[in-house]
Amino acid sequence: MPKNNNIKKVLVIGSGPIVIGQAAEFDYAGTQACRSLKEEGVTVVLVNSNPATIMTDKDIADMVYIEPLTPDVVKKIILKEKPDSVLPTLGGQAALNIAMELEESGFLAETGTKLIGTTSLTIKKAEDRLEFKNTMEKIGEPCAASVVVTTVPAAVDFAETIGYPVVIRPAYTLGGSGGGIAADKEELIDICTNGLRLSRVGQCLIERCIAGWKEIEYEVMRDGAGNCITVCNMENLDPVGVHTGDSIVVAPSQTLSDKEYQMLRTSALNIITEINITGGCNVQYALKPDSFEYCVIEVNPRVSRSSALASKATGYPIAKVAAKIALGYTLDEIPNAITGKTVASFEPALDYCVVKIPKWPFDKFIMAKRTLTTQMKATGEVMSICTNFEGALMKAVRSLEQNIYSMNYGDYSKDSVEDIREKLHLIDDRRIFVIAEAIRRGITPEEINDITKIDLWFIDKIAILTEMEKRLSEEPLTKELMLEAKRMEFPDRVIAQFSGKTLEEVKKLRKEEYEIHAAFKTVDTCAAEFEAQTPYYYSCFDSENEVDATKTKKKVLVLGSGPIRIGQGIEFDYCSVHATWSMSKSGFETIIVNNNPETVSTDFDIADKLYFEPLTPEDVENIVDLEQPDGAVVQFGGQTAIKLTEALLKMGVPILGTSAENVDAAEDRELFDEILEKCCIPRPAGKTVFTTEEAIVAANQLGYPVLVRPSYVLGGAGMQIAICDDDVREFMEIINRNVQEHPILVDKYLMGKEVEVDAVCDGEDILIPGIMEHIERAGIHSGDSISVYPAQSISNKVQDVIVDYTRKLAKSLNVIGLINIQFIVYNEEVYVIEVNPRSSRTVPYISKVTNIPIVSLASKAVLGEKIADLGYGTGLAKKADYIAIKMPVFSFEKLRGADIGLGPEMKSTGECLGIAKTFNEALYKAFLGAGINLPKHKKMILTVKDADKLEAVSVGRRFKALGYEIYATRSTARVLKENGVDAIPVQKVDGESPTILDLLLGHEIDLVVDTPTQGRDKSRDGFVIRRMSIETGVTCLTSLDTANALLTSLENVADGELSLIDIARI
C-alpha cells in the first residue's frame, strides 16, 4: 500500500516533562518520527511542554507549541492549526490519554480529525483492563486470574477469595504508577486507593500474583496490510514482580528454548493482529519456569521505553518505521536505513548480547525505600553491547557511574553467611552484587535460584565472573588469563586490584607485551549478512576489528552524558547532539561516545560514528587508540564528560574549548577566590574543610546559617543548609559515606534573590542570550526553582553589574564555549555563588525562548570562530517581547519515603515551560504544564516553620481572598488569627480528630503549604505530612515563594483566556 495522500498535516503529541516512568525515550522517538514525517512532505505540528527536548526545536517540526499537555490546550491547537490527523503513539502514556479524551468527547469527530498510528478501539483494548482481559479470553491467550475493580471493597473481596499476595495494576497509567504487590489487606487498601485515584478511568486490575515467573518481552511491528514482524525479544533477569523499567534486561533472551521462543512469538503476533495495532507495540509475558505455561501481562499499543531499548539493541529504527506505517506504507515498502539494501519487513538478527541496567535515584533520596516492585523507581538506564553476556553485564555495571567496576561491590565483610542469605530475600537495586557475594561464600546456585527465582543460567554467569576474580588473585597473570579476563570485559583497574599489580603495570603488560587490544564490531540488524552503511560500533576482545579509522578530515570526539539522573538530565543530551550537528556542518568527522539507549545522541544517524560504550577512561582510550581524534569536546556532556578531561589529556587528546586548568580553577576554592579577588567580584564568605571538626569550626566562624557541600558535583549532590552544629555533623556524615577526593566547602548562606546566566565566549567577546531570575530565594537548588526569562525584578544597575561580572569571569577563566554563572542579589549587591565553564541544564530553555542557538555558537567558538562574526551580536541580547517560565517537575509519588522538602540538593526529574505575552499567563501555563491542578474543594492546609510565620500571614490572606478555607497547625493558626486571617486550628499527626492526616485521607484538601525545618528526620511531623500529601495526590509546596507565585497565577488568569505561541515563528 503506498502512502495515504489524504494525510497532509499531522499533529504529533509529545510526552511532556521527564518523570520516573517516562524519560528521554520519547524525545528520541518523537524526534525520529517528526523527521520521518517531514521526509514524506507532511506538515508537522508538534505539542510538547518540555523545553529540554530536541523535538521541540524549531527545525524538527513545522509548528512547535511548547504548551501544557492538557486536553483543552490540545483542542485549541487543533482548532487553530486544523491538522487532518493526530499521531498519539510517540508521546507515551500522556499522549495516549489525551487522544482518548479527545476521541471519547467527540471532539475529533466534530473537527474531522483522524487518529493515525492507532485507533481509539485499539487503545481501549490494550489500556482498559476489562477490555484487555476480554480480548485475551476471546483469542484464547492466558492471563493471570484477575478481576477489574472500580472500588476498594471489590478489590478486597477478590483478594480474599484467591488469597494474598495480589498485584494491583491501574488502567491508563505510566511506569506502573499507583500499582504494586500487596501481601495483606492493609497493603491492598493502601495501594488500591492510590491506584484508583491515579487511573484516568478510576479502574484497577487485581490479579493473582505470579511473582517469580520469568518476564519476557516482545517488540513487534505491524502495518495496515496485516504484515507483522518481531523486532526483538528481551528477557528480564529479574523475575515477574519487578517493573520492567526497574529490571536488568537482556536482549535477545538467553534462557528460552526454541519451542518457548516460538510459542511466545506466535502469541505476540496473534495479539497484535487481534488488537489491530498499526506501528510498534510491546507485549509482556510471564513464563513459568520448567513448563510451557505462560500469561500475558500487558500490551503497550505505542512506542515505549522497551522500544527505545529494542531500537538501540538491534539498530532497527522503530519510531521512524512506525511513523511511515501511520502514513499508510507497508513494511516491505520502507527501506532499512542501516543496511541500505534490506527493507523493514526483515526481522533483525543479533550476533551479540545486550544488557540494560536501570539508573536509580537512591543516591539523591537516601531515605527512599529501595525495594523494587511493580511501580517503577529508576530515572534512566544504561545499555551495553558485547559478544557474550558476562562482558555485556560488566560493561553495563561500570556505565552506571557509581564507582562500580566489577561484581565485587558493597562492603559485606561484617556479614555472616546467614546475613548474606537474608539479603538474597531483599529485592532491591543491590541484588546482583549480593548474589555474587553469596557465590563467593559458597551458597549454591540452586539455593540462590530457590530464593531469588532468578534463572540458574544468569547465576552461573555471575559465578563465572566471581571465579575469574579468584583466578586473578591466585594465578600468575599470563597472556591466556589476561585475554580470558578481557573477553569478560574486566577493566585493567579491576585486574590490577585482584592481581596485586598497579594499573600502569597491567596496562603496559596488556598493550605492549601481550598485545591485547579492543576490537570494534558493527551493529547492523542482520548478524553481518549484509554490510552496514551506518557506523554504529561496540567493543570486544575476541574478534577482528570492523571499523574503518582512515582519516579523510579532522576528527572530533564528543563525549555524551550517560544515563538520565536527577541533576544531569536530557538537557545535556540536547547539548551533545547540537554540538555534534554543528561540528559536522563545520566539516569535522564527529564521533559520539555514549551508553544511554533512550537518547537522541545514540541514534544511528546523528554523528559520523557512534560508539556505544561506557564513559570510563579505559573504554574511551580504546576508541582514542583506534580513531586518533584531533580533539575532544567535554563541555556539553555534563559532569560525566568533564570528569574524563584529565584522562583524555594523558592520552594526548587536546581538549577543545575551555582548558582543563580553567575548569579546575572554577571548582578549586582557593584558585577561584584569587580570580574573584583580581576581578573585584564579591562572593559569600566561605572555607574549605576535610573533617567534621573543621566544618564545625568553619561554620561557627562564618556564623549560621551555612551551606555545606562537596566540590565537583552536579545537581547540588550532598548539599545542605545547616543552622546548628548538629546539622553540620549529620550532613558531613552523609557526604562522607562516599569517598571524597576533593575538599568539602562551607559557605555563608545569604537569603537573596538568585539570578542565572548562560553565556558564550570566544576568549574575547561574550554573548548572553538573557538573564534568568529564580522565583524561590537562594537556598533552593537552581534546578528545582521556577526560572523566569527575562528577569522581572532586577534593576538596570544590577543587570549591568551581572553583564560586567560575566565578561570579567569568562575572560579570567579564558572560557572558549559555554559558561553558566549563578549570582545572588542581596540588598542591590551582586555576589557570585557558582561558576561552571560548561553547558548547563538551562541551555535548551534559554536557546528556545531567545531564538539564539547557543550550543551551535559555542561549538563554532570552540573550533576557533569569533562570536562577533556569527550574526547574533555580542554582550547582552535584546529582551524578547514575551515571558518564558521554566517550572520544575518532580516524581515524588514514585519514591515512597523520600522527603519532598526542597533545599540546595536537586530533586526534580524534569521541567515544563509556560510562555506568554504576560508574566501572569506564563506562570499559569507553567503551573498547568506541571500538573498542578487547582482548585476542587477550595480547602488548604498551612503549616510553616517559625522563621516563616509572619510571612505566611500575607499568603493566608491572599488564599482567603480567593475563597479558600484554611486549616493550620495551632502555632501557625494563632499567628494568622492575631493578624486578622481566619484559620481552623488542627493537630498535626496525633491528637484529637480531625488531624492534618485525617483531612488528607478524606480527599477534601486541594493544597498543602508546609515549609520544612532542616534535617532528614523521617519521624518529624512535617515529613509525615509532606509524604502523605504526595501519597494522596495533593499538591504540596515547601517554599512560600512558590506559594506566592501560585497565588499570582490563580488571581489573574482564567483557563479560557490562554493564548498559543508557535516558537518556530518567534
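Cβ atoms are placed via backbone N, Cα and C, with glycine included.
In the record from Swiss-Prot, residues Lys748, Leu750, Glu754, Gly779, Ile780, His781, Ser782, Gln822, Glu834 bind ATP 2; the candidate from Arg709, Arg896, Arg957, Arg958 listed for the same site is Arg709. Cα proximity to Asn300 (Mn(2+) 2 binding site) (within 10 Å) is found for the following binding-site residues from Arg129, Arg208, Glu215, Val242, Gln284: Gln284. Of the candidate binding-site residues, Glu298, Gln822, Glu834, Asn836, the one lying closest to Val242 (ATP 1 binding site) when CA atoms are compared is Glu298. Across the domain 'ATP-grasp 2' (673-863), the prediction's mean pLDDT works out to 89. Across the structure, Gln284 (ATP 1 binding site) and Glu298 (Mn(2+) 1 binding site) are spaced 5 Å apart at their Cα atoms. Per-class residue totals from DSSP over the domain 'MGS-like' (932-1066), listed helix then strand then coil: 61 helix, 21 strand, 53 coil.
Across the structure, Glu298 (Mn(2+) 1 binding site) and Arg208 (ATP 1 binding site) place their CA atoms 14 angstrom apart. Of all the Cβ atoms in the protein chains shown, 23 others lie within 10 Å of the Cβ of Asn300 (Mn(2+) 2 binding site).
For the pair formed by Glu834 (Mn(2+) 3 binding site) and Glu215 (ATP 1 binding site), distance between Cα atoms is given as 47 Å, rounded to the nearest Å. For Arg129 (ATP 1 binding site), the same-chain residues lying six or more positions away in sequence with a CB closer than 8 A to its CB are Val148, Arg169, Ala171, Gln203, Cys204, Leu205. Other Cβ atoms within 10 Å of the Cβ of Glu834 (Mn(2+) 3 binding site), summed over all protein chains shown, number 19.
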